[in-house]
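What follows is one structure encoded as structure tokens, with my remarks underneath.
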């Protein structure tokens, strides 16, 4: 019985992962021009809530919510949901400079527009670092100039590559661009800043993080004064009595 329950949970997890991957691929194509940055699925017994994260939420919603209703209808038909069992919401990305997906899409549109690779990458690098990131790494690979494919890496700031903090501090995204000379691959990695509030970065500090506490200002006395301390009284210890020898 327990084995059947485990298999059922495993199948349910696989189905949920496939649904999220297909939904992400669908929304990536539909909302590419609207700053699509990711999707979050919250499933309840009654219905499923799909939260679309984008930089331009007004374009996602459309005039009087028309576009979000059309997307809801398409998702219901494409993924076999019953009518009224799925709801789509749009959430604005608070700081798009720290969103790897948004910056990857921004770099993709710059390359499609004909901007030079080096200039486009340095522009994205500068914008991410000005947004408060600890570090950034941009890799562009493919036929960039000649017929031979190569990769160009642009790095700035601090970047960690191993350990458990990678799961909390590193955001990465991969996109592909179809240009005239061939397909160009783009990879953007951003190291988020430490934020105790949890808004722009993780709340957990790095293991090697050292916080220096500012010393308190010493309050100087305005007038001369003296302190009288009570003197400790000497406690007299009774002298040891001689012990009579044992005969």
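The chain as shown is numbered from 1 upward.
Note that Cβ sites are derived from N, Cα and C of the backbone, with glycine treated the same way.
Annotated compositional bias 'Basic and acidic residues' per Swiss-Prot: 219-235, in sequence order. Marked as compositional bias 'Low complexity' by Swiss-Prot: 236-247. Under the heading domain 'KH type-2', Swiss-Prot lists 23-94. According to Swiss-Prot, the feature region 'Disordered' maps to 216-247.
In this model, the domain 'KH type-2' (23-94) carries an average pLDDT of 83. According to DSSP, the domain 'KH type-2' (23-94) comprises 33 helix, 22 strand, 17 coil.
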